[in-house]
Each structure stands twice: as structure tokens, then as C-alpha cells.
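Reading through the C-alpha cells given below for one structure.
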Amino acid sequence: MTTLEEKIEKTVQWLKDQVKNSNTNGLIVGISGGIDSAVVAFLIKKAFPQNSMGVIMPIKSNPKDREDALKVIDACKIDYLDLDLTDIHDMIFNKVIDNLKQKNIYNENNHTISDANLRARIRMSTLYTIANNLNYLVVGTDNAAEVYTGYFTKYGDGGVDILPIANLTKREVYEWAKILGVPQDIINKAPSAGLWEGQTDEKEMGTTYDMIDDLLEGKQIPQRDKQIIQNLHKRSEHKRNLPPSPPKF
Ligand SMILES: Nc1ncnc2c1ncn2[C@@H]1O[C@H](COP(=O)(O)OP(=O)(O)OC[C@H]2O[C@@H]([n+]3cccc(C(=O)O)c3)[C@H](O)[C@@H]2O)[C@@H](O)[C@H]1O
Ligand SMILES: Nc1ncnc2c1ncn2[C@@H]1O[C@H](COP(=O)(O)OP(=O)(O)OP(=O)(O)O)[C@@H](O)[C@H]1O
Ligand SMILES: [Mg+2]
């Protein structure tokens, strides 16, 4: 059986291969202060000690998230940029909302989700601006549970070049985090997209990562959770595929 250390080593080698095969020079990731990006930051720093970059991008975020991101950076010693994008988000969001209101088509019910997903897409654009300049690949942080449920913003945090931990359940992310040396504070935090005050992944999804992981491992779970997870999976099918186009007429 392959040990966890061997799996990590193989993933680091895979990252090196991705850069080599794409004729790029290194890897970049957004560091949020959460566990998924912490694990990815440790992995890319191992693969490219001199050519890896982490980017902290607060957008009206809880200052604690930035402090946690700095703890990750301090622990894995990755090079980093610290870019507050709040003003940029305000500018785009307010301009759009004002114009929708003027036309009387603004939908208040969707205010929070459009604000939240714009945050993820501004971060994506920022990462690609840096990646273009340094000739780096943008590394995503989605794990198997997030991919299966579609719990990411299409073309936001989902808009990336490679996904090194997409086969890991959330449980496995925790196991890898311990071995890699991710600080305990980060391991202990409740998973959150941090897109609005008090948001946690499990509250929003209405089920738990344990349930999603169990389902992915083929274990029996309560019917209620199974239904929620299968519904999330079905509704997000479009996020895992290329945009559909009509046949040639
Ligand atoms: N059937 C279909 N075929 C093709 N496209 C379809 C479609 N249905 C919707 N769409 C398009 O997709 C859009 C909806 O998808 P999307 O914009 O992603 O928005 P949506 O899935 O509604 O929201 C993103 C979810 O991901 C969560 N999230 C986001 C970012 C980070 C994290 C995290 O864990 O850190 C979590 C967030 O909290 C929220 O629950 C629609 O506006 C429409 O443009
Ligand atoms: N404030 C931020 N600064 C930089 N990157 C961010 C920020 N917020 C989110 N991101 C990026 O979006 C990704 C998706 O967030 P997600 O919450 O799924 O991961 P996480 O925060 O690393 O882990 P967890 O799911 O445990 O909260 C992050 O991994 C990170 O790459
Ligand atoms: Mg998070």
C-alpha cells in the first residue's frame, strides 16, 4: 500500500511534471487561511521552492482570515503577495447593481450570491494577471467533496489550470495537512468560503463533509443527506463540463 508520505511525494512530482509539460516556470495559489489552500501552498512550495507564489486577497474579509493566511505563509515559507481587493469589488458590484436598479430589473433575493461569486471571480482574474506575468500555472484547491457537490464558483475559484487535491476527500485533506505541517489553528477551523459574514460550508450545503466523504467512499448514509448531496451534484453538472454548443445546423 502507498503511504501518505509517498502519495504526497507523487503529487509533488506530478506538479513538477505539469509545469514542465506546459513550458511554464512555476505555480501560484490564492491563500485564504483555510485548510485546502494551506495544503496546496505546502505542496507547490515543495515542488518549486524558488518558483511558487501565494496570494492573500481580502475582499471585505474577516481580518482573522488574513492573519491565518500569514500563519500558513510563515509555516511553509512560500513567497507571497498581499492584495486587498475590496475597492475593486465595490467598484464593479456597485456599478452593476446601480444600473440594474435604474432599469427596474434588480432582484434583491440574489444580492448576496452575486456579491459572493464576484469576489471569487475577481480573485481568479487577479491570479491570472500574476500568472500571465510570471508564466506560472494557476493552482486550484478543490477537493473531491467540493468537485462532486459543485461547491465552488464557476470561473471563480473553479477557474484554474490544475487541481492537485481534487481526488482527496475532505478527511484526506486533514490527514495530509497534519503530515505537511499545516498549523493546528488552521486545521481546527470550520471550513468556510468566507463569502459572507458567518458563512460555513456545512451550514450552507445542509449536510456535512463526513457525509459527503462517506458517500464518495461508497458507505451508507442517511437518505436525507444522500438526497441533498445528489441534488447538489445534479444541479452543478454544468460546472464540471465544457460550455455546451449546438450541433452544426
Ligand atoms: N444548467 C446550466 N447550464 C449551464 N450553465 C448554468 C446552468 N445552470 C446555471 N448555470 C450558470 O451558472 C451560474 C451559477 O453558478 P455559480 O456562478 O458558480 O453560482 P452558484 O453555484 O449559485 O454559487 C456558488 C456556490 O459555491 C459556493 N462557493 C463559492 C466559492 C468558494 C467556495 C468555497 O468553498 O470556498 C464555495 C458558494 O458559497 C455558493 O454556494 C448561473 O448564474 C448561470 O450562469
Ligand atoms: N481571502 C482570500 N485570499 C486568497 N485566496 C482566497 C481567499 N478566499 C478564498 N480564496 C481562494 O479560494 C479557494 C476556495 O476557498 P475554500 O474555502 O474552498 O478553501 P480553503 O479556504 O482553503 O479551505 P476551507 O474549505 O477549509 O475553508 C481558496 O482555497 C483560495 O485559493
Ligand atoms: Mg475557506
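Cβ coordinates are placed from backbone N, Cα and C, and glycine is handled just like the others.
Any TrEMBL annotation is an automated prediction that lacks curation.
Going through Thr2, Thr3, Thr129, Thr141 against TrEMBL, the one listed in the ATP site together with Gly30, Ile31, Ser32, Gly33, Gly34, Ile35, Asp36, Ser37, Lys170, Ser192 turns out to be Thr141. Deamido-NAD(+) is bound by Lys154, Asp161, His238, Lys239 in TrEMBL, and the record lists one more residue there from Arg119, Arg121, Arg123, which is Arg121. Proximity to ligand 1 (Cβ under 6 Å from any of its atoms) holds for these binding-site residues out of Gly30, Lys154, Asp161: Lys154. Lys239 (deamido-NAD(+) binding site) carries a helical DSSP state (H, G or I).
Using Cα positions, the member of the binding-site residues Gly30, Asp36, Thr141, Glu146 nearest to Arg121 (deamido-NAD(+) binding site) is identified as Gly30.
Selection of the binding-site residues Gly30, Asp36, Lys154, Asp161, Ser192, Lys239 by a Cβ distance under 6 Å from ligand 2 yields, in sequence order, Gly30, Asp36, Ser192.
Sorted by the number of other CB atoms within 10 A, the binding-site residues Arg121, Lys154, His238, Lys239 start with His238, the lowest. Taking a Cβ cut-off of under 6 Å from any atom of ligand 3, the binding-site residues Glu146, Lys154, Asp161, Ser192 reduce to Ser192.
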